[in-house]
Amino acid sequence: MDKLADLNYTLSVITLMNDTLHSIIQDPGMAYFPYIASVLTVLFTLHKASIPTMKIALKTSKCSYKVIKYCMVTIINTLLKLAGYKEQVTTKDEIEQQMDRIIKEMRRQLEMIDKLTTREIEQVELLKRIHDKLAARSVDAIDMSKEFNQKNIRTLDEWESGKNPYEPSEVTASM
């Protein structure tokens, strides 16, 4: 029953505010009326929602200062959003949490940079070794005795049948 009475009270206050605004502003076509009514409605809703919440929070919480601070910051941020500002009010706790998050991210990125730098150094060393192996060295006299294509040279006399097996022979094909 208390909730119903509270709801009726809330509706009657909103109706009273609207009636008061209509009586103050005679011109019904005034451009700012919806904005004023919206702001007053939001303020009244915040008032009705925050007071019971604050009472319950203060009774159940051990640290009432933090609860009040958090509620005030939330209310101020809500009003700033309604006014169209993108900035928000933050507490020291939130700033410290954001700083911790930023520091963790910076450490993670530094570790990644360190790993990448180590890999790049290893790749440069590998490329240097490959370059050193591929570099042409000048030789004064070339020893052809060690070439693999010079080992199995046969003369015509050394072949088994006495004729060159690589010479083309006459081939006949059926048509």
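Placement of Cβ uses the backbone N, Cα and C atoms for every residue, glycine included.
Record features (Swiss-Prot):
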type     : residues   : note
BINDING  : E120, Q123 : Ca(2+) binding site
CARBOHYD : N8         : N-linked glycosylation site
CARBOHYD : N18        : N-linked glycosylation site
TOPO_DOM : 1-28       : topological domain 'Lumenal'
TOPO_DOM : 52-175     : topological domain 'Cytoplasmic'
TRANSMEM : 29-51      : transmembrane segment
Most Cβ neighbours inside 10 Å, all chains, among the recorded positions N18, Q123: N18
If you average pLDDT over the topological domain 'Lumenal' (1-28), what do you get? 64
In all the protein chains shown, the tally of other Cβ atoms within 10 Å of the Cβ of E120 (Ca(2+) binding site) is 10
N18 (N-linked glycosylation site) and Q123 (Ca(2+) binding site), distance between Cα atoms, whole Å: 76
One should report the C-alpha separation between N18 (N-linked glycosylation site) and E120 (Ca(2+) binding site), rounded to whole angstrom, as 71
